[in-house]
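Chemist: To start, I am sharing the structure in question, which I have written as structure tokens.
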Amino acid sequence: MLWTVLLALLVLLLLQTQLSVCLRELRAGGFVSSARSSSSSSSSSSSYNATQQRLPGAIIIGVRKGGTRALLEMLNLHPDVEVAKSEVHYFNVDEHYRRGLAWYRAQMPFTLPGQLTVEKTPGYFAAPQVPARVWNMNSAIRLLLIVRDPAERLVSDYTQVLHNRLTRHKSYQPLEELLLHKNRINPGYKALQRSLYHQHLARWLEVFPLEQIHVVDGDALIRDPFPELRKAERFLDLPPRISPNNFYYNTTKGFYCLLSAGHDKCLDESKGRPHAPLSTQAFKKLCRYFRKPNKLFFEMVGRSFSWC
């Protein structure tokens with residue numbers, strides 16, 4: 001009888017020991033499962049956090065009415081590019097600049113690591129304080145400058161101001177009254193000063209080497225966008241992803257529109273707006289006035305353009 005009781009106790013001890021081992025394994029398995037779940041959650045969170053607002057790696061600095069919006073929208077066709085949707089005016093408006101880089105970053109789109117953020121504010125090019133401010137943010141930043149015939153740019157500049165004033169039911173002087181003084185070109189006219197590309201570029205070259213400034217031919221961009229976009233891709237160290245199939249000529253609008261993933265997009269109706277009238281005589285005077293400034297600009301960038 002005693003041996004039976006002892007044997008029964010021994011069996012119970014063995015069963016208890018086995019049960020303890022099983023429980024430890026279950027606990028260990030639960031911990032591993034929890035750790036994997038935690039790791040997966042952490043990885044997912046890390047992937048989410050990788051998408052963030054970053055300072056731009058490239059800026060379209062100008063020129064005003066040179067085709068900056070078209071260039072921005074075309075660059076945005078590239079899968080590795082994200083663009084700020086509106087002009088930020090961070091470096092050329094003191095009120096914005098005083099808000100600091102945190103505010104500037106908050107104006108940028110969300111991007112993944114490896115994507116390029118691009119901002120465009122054409123007012124940067126002619127603002128004297130901007131080059132040094134941009135350099136202080138990022139001395140290695142890449143700059144895009146899109147230019148067009150300065151005489152045509154001036155007329156387009158006036159046309160936009162005229163349209164804006166008429167929309168607000170305000171009057172505005174005819175272009176020739178602003179452009180000419182005693183039958184000579186008025187050098188104080190602001191739209192004319194914005195077309196003196198060599199003066200503004202000289203300030204940028206005091207801070208940045210020419211290798212960091214890519215000059216885009218705005219007139220060529222309108223005639224045939226793809227070659228200019230391919231040059232911009234190379235300058236920005238982007239893999240070639242934009243193709244001629246991304247563009248089609250809209251005969252109604254009279255300029256190229258964009259095509260991506262089966263969706264088309266044309267620039268808004270302000271693009272291609274008919275120019276304000278300017279007499280042939282006044283336009284010829286304007287072209288003669290720009291000959292020397294244009295020549296100086298060509299020498300600075302090491303290339304020439306087919307301007308009037």
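Any Cβ shown, glycine's included, is placed from N, Cα and C.
Please treat TrEMBL annotations as automatic predictions, because they have not gone through curation.
Keep in mind that what you see is a predicted model, and the values were worked out from it rather than measured.
When I checked TrEMBL for this same protein, it listed these features:
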{"type": "ACT_SITE", "residues": "LYS65", "note": "active site, for sulfotransferase activity"}
{"type": "BINDING", "residues": "LYS65, GLY66, GLY67, THR68, ARG69, ARG148, SER156, TYR256, LYS271, GLY272, ARG273, PRO274, HIS275", "note": "3'-phosphoadenylyl sulfate binding site"}
{"type": "DISULFID", "residues": "CYS257-CYS266", "note": "disulfide bond"}
{"type": "DOMAIN", "residues": "58-271", "note": "domain 'Sulfotransferase'"}
{"type": "SIGNAL", "residues": "1-22", "note": "signal peptide"}
Chemist: When you rank LYS65, CYS257, CYS266 by Cα distance to ARG273 (3'-phosphoadenylyl sulfate binding site), which of the recorded positions ends up on top as the closest?
Modeler: LYS65
Chemist: For the domain 'Sulfotransferase' (58-271), would you mind checking the mean pLDDT of the predicted model?
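Modeler: That region's mean pLDDT is 95.
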Chemist: Between the recorded positions LYS65, ARG69, ARG273, HIS275, whose Cβ has more other Cβ atoms within 10 Å than any of the rest?
Modeler: LYS65
Chemist: For SER156 (3'-phosphoadenylyl sulfate binding site), what is the tally of other C-beta atoms lying within 10 angstroms of its C-beta?
Modeler: 21
Chemist: Rounded to the nearest Å, what's the C-alpha distance separating HIS275 (3'-phosphoadenylyl sulfate binding site) and LYS65 (active site, for sulfotransferase activity)? Just drop the number here, would you?
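Modeler: Checking the Cα atoms of HIS275 (3'-phosphoadenylyl sulfate binding site) and LYS65 (active site, for sulfotransferase activity) gives a distance of 12 Å.
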Chemist: Would you mind reading off the Cα separation of GLY67 (3'-phosphoadenylyl sulfate binding site) from CYS266 (disulfide bond), to the nearest angstrom?
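Modeler: Just about 13 Å between their Cα atoms.
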Chemist: Of the recorded positions LYS65, ARG69, SER156, which one has its Cα closest to the Cα of CYS257 (disulfide bond)?
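Modeler: The smallest Cα gap between CYS257 (disulfide bond) and any of the recorded positions is with ARG69.
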Chemist: Near CYS266 (disulfide bond), which residues of its own chain have a C-beta under 8 A away, given they sit six or more steps off in sequence?
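Modeler: For CYS266 (disulfide bond), the qualifying residues are ASN250, LYS253, PHE255, CYS257, LEU258.
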Chemist: With every protein chain in view, how many other Cβ atoms are within 10 Å of the Cβ of CYS257 (disulfide bond)?
Modeler: 17
